[in-house]
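Student: The domain 'ABC transporter' annotation in Swiss-Prot covers 3-211. Taken from Swiss-Prot, the feature ATP binding site covers Gly35, Lys36, Asn37, Gly38, Ser39, Gly40, Lys41, Ser42, and the record attributes it to sequence analysis.
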Amino acid sequence: MHLTAEILAARRGEDLIFVNISFHLAAGEALVLTGKNGSGKSTLLRVVAGLLRPEKGTVIFHDEESPGGRHAGEVSHYLGHRNAMKNELTVAENLDFWRAFLGNTGSAAALSVEDATDAVGLSGITHLPFGYLSAGQQRRIAFAKLLVAHRPVWILDEPTAALDASADRLFADLIEAHLEKGGIVLAATHQPLGLRNSQELKMTGFAGVDNGVWG
């Protein structure tokens, strides 16, 4: 799997957020977006995930089977600021829904609901309503969604928000394991993720004049 972004630009309303962003990630590679609030990190992730149309530029997910490209929804998980879980449903019901809805992409096997919750350090709570969990526990379960339906590309927006130091390390290990299996990770964060080998793209937002366009 390869992820290629070429000369991306994006707007929020009338404001130009960033211009000329390009990068390429191959299997086993990670890119971490850093920068101040408002610099465009979340916007770039949403563009790559296919949730926001770019002002210009292209995003291509391609592999040997589909050299012409595949849709972001087929090959990527997007974990945003919101956990995308129903408070009134149990942990198991939420994860079962996502497992059935997303299906499985690629040759790697997805985890069962019980194994996924165990992987994020929360075994034995699948019977509890999601709304009963603490903010940190809810974030862990949201991350477990990535494990119950395989996608080669993980797009993560502040994945360790609301987590303590021990959970940070656990998540870093899960991300490393995904990379070792040939996965790709694109993440935005204010805190170091603790990945051993990752590239960094510092987002500065759009300031000044470029080719006559005022940001």
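Please read every residue number as a count from 1 along the shown chain.
In case you wondered, yes, glycine gets a Cβ from its N, Cα and C as well.
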Student: Can you tell which of the binding-site residues (Asn37, Ser39, Ser42) has the fewest other C-beta atoms within 10 angstroms of its C-beta?
Tutor: Asn37
Student: To test your reading of the ATP site: which residues beyond Gly35, Lys36, Asn37, Gly38, Ser39, Gly40, Lys41, Ser42, same chain only, put their Cβ within 8 Å of the Cβ centroid of those residues?
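Tutor: My list of surrounding residues reads Thr43, Ala188, Met203, Gly205.
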Student: What is the Cβ neighbour count of Lys36 (ATP binding site) at a 10 Å cut-off, with all protein chains included?
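Tutor: Other Cβ atoms within 10 Å of Lys36 (ATP binding site): 12.
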Student: I want to check the contact list for Lys41 (ATP binding site): same chain, sequence separation of six or more, C-beta distance under 8 angstroms. What comes out?
Tutor: Leu33, Thr34, Gly35, Asp157, Ala188, Met203
Student: Do you know the mean pLDDT across the domain 'ABC transporter' (3-211)?
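Tutor: The answer is 88, the mean pLDDT of the model over that range.
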Student: Please compare the binding-site residues Gly35, Gly38, Gly40 by how many other CB atoms fall within 10 Å of each one's CB, and tell me which has the fewest.
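Tutor: Comparing Cβ neighbours within 10 Å for the binding-site residues Gly35, Gly38, Gly40, Gly38 has the fewest.
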